[in-house]
Amino acid sequence: MFQKTVETLKNSNLHNGLLPLLQKCQNLKQFKQIHAHILKSSYLPQSPNSVGHLLSVAALSSNADLFAYSRLIFRHLTHRNTFIYNTMIRAYAQTHSPVPAIFCYLDMLNYGLTANNYTFPPLIKACTLLLVPSSKSIGSLVHAHVVKFGFKDDPFVLSALIVFYSSILDMVTARKLFDGIPKKDVVLWTAMIDGYGKMGNVEKARELFDEMPERNVISWSAMMAGYSRVNDFKEVLSLFREMQETGERPNDSILVSVLTASAKLGALAQGIWVHSYVKKYNLESNLILATAISDMYAKCGCIEAALSVFEGILNKDVGAWNAIISGVAMNSDAEKSLELFHKMAVQKIQPNETTFVSILTACTHAGLVDEGLKLFDQMETMYQVKPQLEHFACVVDLLSRAGFLEEAEKFIEEKMGGLGGGDANVWGALLGACRIYGNVKVGNRVWKKLANLRVADCGTYVSLYNIYKEAGWEMDATRVRNSLTELGLKKKPGCSLIEVDGMVDEFVAGDLSHPQADEICKILNSLFKVVNLENSDTVKYL
């Protein structure tokens with residue numbers, strides 16, 4: 001059938017019959033048949049138009065073989081025009097090949113051709129895809145060309161520029177362009193929200209979000225992702241409920257954000273709802289979603305459910321293994337974490353830095369010092385994972401919690417280059433262990449090192465105060481407390497979270513702003529009285 005169509009093309013006008021025939025191509029062989037016919041025609045040597053449609057269909061096809069063939073055609077063309085160059089720039093951007101797209105544009109200028117309004121949107125997209133430090137400079141130069149060639153008011157070009165500047169977090173320039181557009185579509189609004197969200201400026205992002213004349217699922221996703229980045233997980237769930245009221249169906253990105261928030265807040269009911277939704281719409285094959293569900297169950301303390309979801313994942317990647325190893329470790333089952341780690345190795349899944357943080361943490365909480373030190377020694381030699389600062393910190397924590405304080409101090413000095421080569425938080429962890437074990441000698445040495453480098457924070461002062469106080473060093477304890485007051489350091493108040501009927505409430509120490517604070521305090525006081533009464537009766541009975 002296809003061969004008959006090619007024969008028909010030979011007897012018809014080339015340009016009128018070419019495009020419909022190209023659209024019928026199902027493979028490279030058929031495409032080459034049409035190309036061969038064009039090569040035989042008298043059109044090609046004089047004009048690039050005859051091959052333009054051919055190149056466009058091949059280059060913009062999702063077929064990798066056709067795209068590769070289009071590059072071969074383009075390379076051997078002796079006659080080119082702006083349409084052909086635009087096609088290749090767009091194709092490179094579409095296949096996430098930004099560097100060839102930019103070089104293609106430069107080649108077009110060297111060829112003596114002028115860019116048009118179809119040139120710049122894919123070219124700017126290519127700049128957005130660049131993952132190099134110079135991407136901002138390159139994008140700014142393209143912006144200069146936009147102005148030079150007279151397309152600074154073209155709505156499609158402006159949209160591409162706003163997306164670009166938002167992606168590199170240059171929100172000042174993005175906002176100037178955004179405010180200058182009288183009619184903004186949902187893509188532009190979302191790009192701005194996403195840019196502000198990535199900067200951590202959720203206030204600006206929310207202002208725009210609330211002003212949007214219309215929203216789509218990507219808009220909701222961008223706003224929730226912004227709140228997730230600043231750890232405002234309560235607002236993520238609040239926004240999700242608001243979205244549900246509009247009838248908008250969540251995408252995979254939103255579901256992951258909600259699962260992450262549920263895990264962080266311990267909002268099990270909300271997490272279960274998402275899991276049910278995933279099963280209802282057969283989304284369980286999505287590896288990222290399945291991993292997030294397993295992680296949510298583990299962090300909410302439902303380790304059996306977490307393991308069940310994990311076992312159901314067919315093609316587990318290192319992220320899925322990391323999540324379950326970490327989750328099991330959090331639930332105080334270090335032996336199970338080690339079992340999973342070894343099973344991971346048997347299945348030839350290469351562990352990464354995160355894997356070793358999880359497994360070392362598991363050993364720390366279980367007091368498995370020998371196992372932890374052995375794994376640390378094997379990281380680079382057996383698993384080809386170079387230890388990073390966080391792994392050294394895990395070993396310090398492992399030794400400190402087990403009471404090997406001097407060994408931990410020695411490890412920091414010899415393996416981490418002392419305080420100057422490490423993180424003050426590592427020394428802070430050691431200081432906290434000194435308090436637990438009442439080791440004033442090591443604690444005093446660590447404190448002096450921190451104080452001399454002026455990296456001590458409020459937690460450091462509090463730990464040292466408690467060490468001195470509990471050791472009976474009243475004068476030293478008073479001196480530390482006075483220093484804390486003089487420096488104006490304040491300890492961050494503790495907080496707790498509770499989920500009731502799908503709503504998460506946060507309670508901060510000393511904060512009575514909750515609308516039911518009075519009733520809560522009365523109930524707590526009643527409970528304290530009951531406990532005291534029971535204790536009193538028990539003492540009398542004994």
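The backbone N, Cα and C atoms fix where each Cβ goes, glycine too.
In TrEMBL, annotation is done automatically, which means it is predicted and not curated.
Residues or ranges marked as repeat 'PPR' by TrEMBL: 185-219 (among others). Tertiary proximity for the repeat 'PPR' (185-219) is limited to same-chain residues at least six positions away from its ends with a CB under 8 Å from its CB atoms, namely 159, 162-163, 165-167, 169, 171, 174-175, 178, 225-227, 229-230, 232, 235, 246, 248-251, 254.
The annotation repeat 'PPR' is assigned in TrEMBL to 220-250 (among others). Taking H, G and I as helix, E and B as strand and the rest as coil, DSSP gives the repeat 'PPR' (220-250) the counts 24 helix, 0 strand, 7 coil.
Under the heading repeat 'PPR', TrEMBL lists 317-351 (among others). With a cut-off of 8 Å between Cβ atoms, the residues of this chain six or more beyond the repeat 'PPR' (317-351) that come close are 287-288, 290-292, 294-295, 297-299, 301, 303, 306-307, 310, 358-359, 361-363, 365-366, 368, 371, 383, 385.
For the repeat 'PPR' (352-382), the DSSP counts in helix, strand and coil order read 28 helix, 0 strand, 3 coil. Here TrEMBL flags 352-382 (among others) as repeat 'PPR'.
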Key: Composition by DSSP (helix, strand, coil) of residues within the repeat 'PPR' (317-351)   = 26 helix, 0 strand, 9 coil
Query = When the repeat 'PPR' (185-219) is classified with DSSP, how many of its residues are helical, how many are strand and how many are coil?
reply = 27 helix, 0 strand, 8 coil
